[in-house]
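All remarks here apply to the structure that follows.
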Amino acid sequence: RYEPRARWIEQEGPEYWERETRRAKGNEQSFRVDLRTALRYYNQSAGGSHTLQWMAGCDVESDGRLLRGYWQFAYDGCDYIALNEDLKTWTAADMAAQITRRKWEQAGAAERDRAYLEGECVEWLRRYLKNGNATLLRTDPPKAHVTHHRRPEGDVTLRCWALGFYPADITLTWQLNGEELTQEMELVETRPAGDGTFQKWASVVVPLGKEQKYTCHVEHEGLPEPLTLRWGKEEPPSSTKTNTVIIAVPVVLGAVVILGAVMAFVMKRRRNTGGKGGDYALAPVSQSSDMSLPDCKV
């Protein structure tokens with residue numbers, strides 16, 4: 001059964017949770033069909049573990065107009081098929097996805113998906129923003145610090161942490177004498193912290209004794225001005241020493257909805273009220289993917 005995970009959505013009535021529960025059960029049945037179809041396309045046995053991911057969502061202008069829509073599928077962590085920015089055509093990642101693309105083109109799937117993105121997706125975003133305005137449109141500035149790690153090679157890794165920020169959009173860069181170290185820098189994707197905020201770090205390898213020449217620069221809309229940090233020039237928060245744990249929360253089935261650069265959150269939506277999943281099956285009439293995940297072999 002669907003249950004609230006944020007206080008602001010608890011105000012939705014019983015009919016909302018009943019409807020979403022029915023839709024989730026319909027999704028489950030549809031995805032079972034999709035997985036069996038994918039197994040057949042890739043000539044795989046029914047044994048073992050396989051994953052089908054779906055993400056749909058809309059970016060909306062401040063005046064409520066649709067800016068960009070997403071409708072994407074991935075199989076076993078790899079791109080499968082995605083609705084393009086024109087919301088009319090598809091990009092298929094491999095030969096199996098080409099089969100799905102042809103079936104969807106024949107069935108007019110892109111037109112139906114575009115109608116959902118331009119209509120229901122935008123309408124629900126407006127409702128969620130109205131109900132959760134104080135939470136969803138807030139800005140939490142990052143807590144930033146630099147950690148120091150000796151390497152067996154004799155040099156040092158400096159890691160710049162940004163923790164507890166919202167929304168997710170943030171910029172971390174390392175500089176040496178005012179020049180950005182884009183090529184030398186390791187940068188992880190922004191990750192959910194599990195408490196409604198986000199985390200990110202960027203690291204650079206530097207010669208021992210030269211640490212003070214390197215500066216980390218942090219830009220976020222929650223900051224009155226960008227931060228500039230050096231190793232040893234600030235105290236890390238007591239709860240986030242060198243052994244800071246980054247938590248990654250995978251989103252398997254949801255729709256990412258963003259208002260400008262201000263707000264991003266995940267909502268689970270489907271156009272249908274459940275059913276057999278015909279509009280979403282990979283076989284006769286299905287939809288899309290574009291997770292841009294590495295090391296995918298098909």
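Including glycine, each Cβ sits where the backbone N, Cα and C put it.
Lifted from Swiss-Prot, the feature list:
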- 1-244: topological domain 'Extracellular' (TOPO_DOM)
- N43: N-linked glycosylation site (CARBOHYD)
- C58-C121: disulfide bond (DISULFID)
- N133: N-linked glycosylation site (CARBOHYD)
- 142-230: domain 'Ig-like C1-type' (DOMAIN)
- C160-C216: disulfide bond (DISULFID)
- 245-265: transmembrane segment (TRANSMEM)
- 266-298: topological domain 'Cytoplasmic' (TOPO_DOM)
- 277-298: region 'Disordered' (REGION)
- S289: phosphoserine (MOD_RES)
- S292: phosphoserine (MOD_RES)
Original post:
Where does C216 (disulfide bond) sit in DSSP terms: helix, strand, or coil?
Top reply: strand
Original post:
Rounded to an integer, what is the Cα-Cα distance in Å between N43 (N-linked glycosylation site) and C58 (disulfide bond)?
Top reply: 34
**OP:** Only counting partners 6 or more residues apart, tell me which same-chain residues put their Cβ under 8 Å from the Cβ of C216 (disulfide bond).
**Re:** A144, V146, L158, C160, L172, T173, W174, Q175, A202, L227, T228, L229, R230
Original post:
Residue counts in helix (H, G, I), strand (E, B) and coil for the domain 'Ig-like C1-type' (142-230), per DSSP?
Top reply: 3 helix, 49 strand, 37 coil
Original post:
What's the CA-CA gap between N133 (N-linked glycosylation site) and C121 (disulfide bond) in angstrom, rounded?
Top reply: 17
Original post:
When you measure from the Cβ of N43 (N-linked glycosylation site), how many other Cβ atoms are you left with inside 10 Å?
Top reply: 7
**OP:** Would you count the other C-beta atoms found within 10 angstroms of the C-beta of C121 (disulfide bond) for me?
**Re:** 26
**OP:** Count the Cβ atoms, other than its own, that fall within 10 Å of the Cβ of C58 (disulfide bond), considering every protein chain shown.
**Re:** 25
Original post:
What number of additional C-beta atoms lies within 10 angstroms of the C-beta atom of C160 (disulfide bond)?
Top reply: 27
Subject >> Cβ packing number for N133 (N-linked glycosylation site), 10 Å threshold >> reply: 12
Subject >> DSSP three-state assignment for N43 (N-linked glycosylation site) >> reply: coil
**OP:** Return one of helix, strand or coil for C121 (disulfide bond), based on DSSP.
**Re:** helix
